[in-house]
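Please read the structure below before turning to the comments.
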Amino acid sequence: MSVNDQITHIGKTLSTTASAFLNYQKSNSNTQDVLTNNGPYKNLLSNTVNNASSTSYFYKRTEHGRFVKNASNTFEDIYSKTRRGDVFRNKFTDNKTCFRMLTYISDDLLNEIPTKEGLKSDADGKLLTEGGENENLRKNASKKETSLFQGFKSYLPIAELAIENTERLNYDTNGTSGTVGAKDVMSKTNERDEIHTELPNFQDSFLIPPGVETKKISSSYSPSALKSFSQTLVNSLEFLNIQKNSTLSEIRDIEVEVENLRQKKEKLLGKIANIEQNQLLLEDNLKQIDDRLDFLEEYGLEVIEANSDENAEDDGMSERKALKNDAIRNEGVTTESISSEASNLPPRRRQQLRDDNSLNRLGAFYSKSKKRHRKSFPTFQQLYEPGTKIGSIMSTHDDFLTCLDFDAPFGTLCTAGYLDHTVKIWDLSKQNKIGELAGHLATINCMQINRDYGTLVTGGRDAALKLWNLNLAQQLYQETQNLTSPTNHIDSPCVYTFEAHTDEVTALSLDPSFLVSGSQDRTIRQWDLRSGKCLQTIDLSFANVLTTSTNVDLSKSTLLTQRNERPSIGALQSFDAALATGTKDGVVRLWDLRSGKVIRTLKGHTDAITSLKFDSACLVTGSYDRTVRIWDLRTGLLNKFHAYSAPVLSLDLFQENAAVVVADEPSVQIYDSEKDESWSCVEQGNETSVSTVKYKENYMVEGRENGDVNIWAV
């Protein structure tokens, strides 16, 4: 084979291989079959092997996997070359031939590149047809496959721009056109990546082909010059079309990758959800075991472990049953005897006997052994985008929700509705009803959950405060649903009733050891949770506290007040010996519970305060004057305030200097005072106003006027 034949043969091999890989992108063939299924490539491979006389020729030229030089230099090892020009240098070639081999492919070879449809370029090698061709040639021209050379050439402007930006980066970095220092390699690499990412953006610059001038086009009288401009522009259009198709292909690849990542994320989210469901199940089982142990201890039903043999086990089981039956009989006798004995006592003595039993139960309930600590807390809500609706519970009550509270994300939710005397308990993970608390005689205004003891405190318009055992309430409700026990159960989920207020309870705050309540009777009372006693009473019947910003006659009873009436004490919160109250006159007062005196007043609201929350640094208040104000507790000064188009009905502390706000609108507003911006959680198409809200650990629950409850990630 002559030198020219070798050159031609190598050129055809390169062209055929490149075309095969380009066509592979538009076919569904397997990657391993790209070359083996290509006819022209197989023919060239066969000719190469035949011209080599025998495959053993290649093995003879190798030693330990590398080609060995010989005196004739007829076969070269490309791995042993230090310069690219030495690869094809031998006794048959010179420097010019090597340069041609490395840099030039003739138009004839480009025109012979096979395509998927078996089409070839025009004989003159033009990229686009011009005037004079028939319509079929025009259609075929648009269907031609892009060659590897055309793809390289179309990206030359982008490559030049990349080189220019890299040189500019190096110059801007160290003031010269040299290379970047080794210590700055990582940072400079990141900067280069950002520049390369922005390379395809041609919004600010339009590339005009060299040799084409717009002024000459409008003033030229030379047909040859105009035809030359036309050909250049046609070629440029073809190059731009190649770039566009390649970019579209990259976009499609990115979309596929994004979809794959989205599906992978959904699978991982489902996995985390299952894990947290299992954690909640195990937590519930642990709680049931603890409750069962307490039950056995309370009724004296503990049985010594039996021996390992069957007889001993049977004896133990029979003994357990006997003890249980005796305990039940004794309990029945005791209950009957107490009832008969109490019936013979005077009314005041009967009430005292009931109070003593209730106090004993309260003290036993708040013993240290009753305190529960969760082993794990849900974090699934943190994986949602802020403002994402997680779920909803429809029609929890017939009228608007007056208050709600929950213990933890995806945990237990308690709700109360207007003119509804019961509290309903819901499972936030399954979004179904799991319990009910009946005992109040009027609408329930406020509530708070203590998740350490599994309790709920409620305050209603019947002037009563009630402490509930949520775990027992759920067990009784489940037994009632399954009809596994009589309906006249001895136990009651109401652990204790705090009775001292003479008018409706409008606000409360639950501390680890104390309960603080505010009422329409213009008093604030502090209660001991272990004894049930009222430790102190703070009277708010002093000047200008309850006389402004209202037209309501306070001399009348408010047990049947209207829903829009301003409460005397709209909100309060306590922590240790600190107490903050918001009253009808729009003034926030900070109290020291040890002395029962006001230590600071915060004035700024012009109407009754409806809600407040504080932490170690700031205090957030909402009012009927349609504003939310954030106060600095250290200085007592107003930091920021934000105005709304409707009265603020409820709020909760989102984070420092930020709050979740309900302003009698269909959306919940999240106000960030540091950034001085507000964004909302709104459900499209739902025009029902929000009446109350609670937030904990990136998890928000809001109640609406139609009784619906929505759950959000924020």
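Cβ from N, Cα, C; glycine included.
The average pLDDT computed over the coiled coil (240-298) stands at 83. Residues annotated as coiled coil in Swiss-Prot, with sequence analysis given as evidence: 240-298.
Here Swiss-Prot flags 332-343 as compositional bias 'Polar residues'.
The phosphoserine annotation in Swiss-Prot covers S376 and is backed by similarity to another entry.
Residues or ranges marked as region 'Disordered' in Swiss-Prot: 323-354.
What Swiss-Prot lists as repeat 'WD 1' is 396-436. Residues 276-277, 280, 374, 377-378, 380-381, 442-449, 451, 454, 456, 458, 460, 468, 470, 473-474, 476-478, 493, 563, 691-692, 694, 696-699, 701, 703-709, 711 of the same chain lie 6 or more positions beyond the ends of the repeat 'WD 1' (396-436) yet place their CB under 8 Å from a CB of it.
Counting only same-chain residues 6+ beyond the ends of the repeat 'WD 2' (439-478), those with a CB under 8 A from a CB of the stretch are 287, 291, 362, 365-366, 370-374, 402-408, 411-412, 414, 416-423, 425, 489, 491, 493-499, 501-510, 512, 515, 517, 519, 521, 527, 529, 558-561, 567. Summarising the annotation, Swiss-Prot assigns repeat 'WD 2' to 439-478.
Per Swiss-Prot, repeat 'WD 3' is recorded for 500-539.
Remote same-chain partners of the repeat 'WD 4' (561-603), defined as residues 6 or more beyond its termini with a Cβ less than 8 Å from a stretch Cβ, comprise 400, 418, 445, 461, 504, 506-509, 511, 514, 516, 518-520, 522, 524, 526, 536, 538, 540, 544-550, 552, 554, 609-614, 619, 621, 623-625, 631, 633, 636, 638. The annotation repeat 'WD 4' is assigned in Swiss-Prot to 561-603.
Summarising the annotation, Swiss-Prot assigns repeat 'WD 5' to 604-642. Long-range contacts of the repeat 'WD 5' (604-642) within its own chain (CB-CB distance under 8 A, at least 6 residues past either end) are made by residues 549-550, 566-567, 570-573, 575, 580, 582-588, 590, 648-653, 656-657, 659, 661, 663, 671, 673, 676, 678.
The repeat 'WD 6' annotation in Swiss-Prot covers 644-681. Remark: secondary structure over the repeat 'WD 6' (644-681) totals 0 helix, 22 strand, 16 coil, with classes taken from DSSP.
Marked as repeat 'WD 7' by Swiss-Prot: 685-714. Below 8 angstroms of C-beta separation, residues 377, 381-382, 384-406, 408-410, 413, 415, 417, 426, 428, 431, 649-654, 660-662, 664-668, 670 of the same chain, each at least six residues beyond the ends of the repeat 'WD 7' (685-714), sit close to that stretch.
Taking Cβ pairs closer than 8 Å, the repeat 'WD 6' (644-681) reaches residues 387, 389, 607, 610-615, 617-618, 620, 622-628, 630, 687-695, 700, 702, 712, 714 in its own chain, all 6 or more past its ends.
Taken residue by residue, the repeat 'WD 1' (396-436) breaks down under DSSP into 0 helix, 23 strand, 18 coil.
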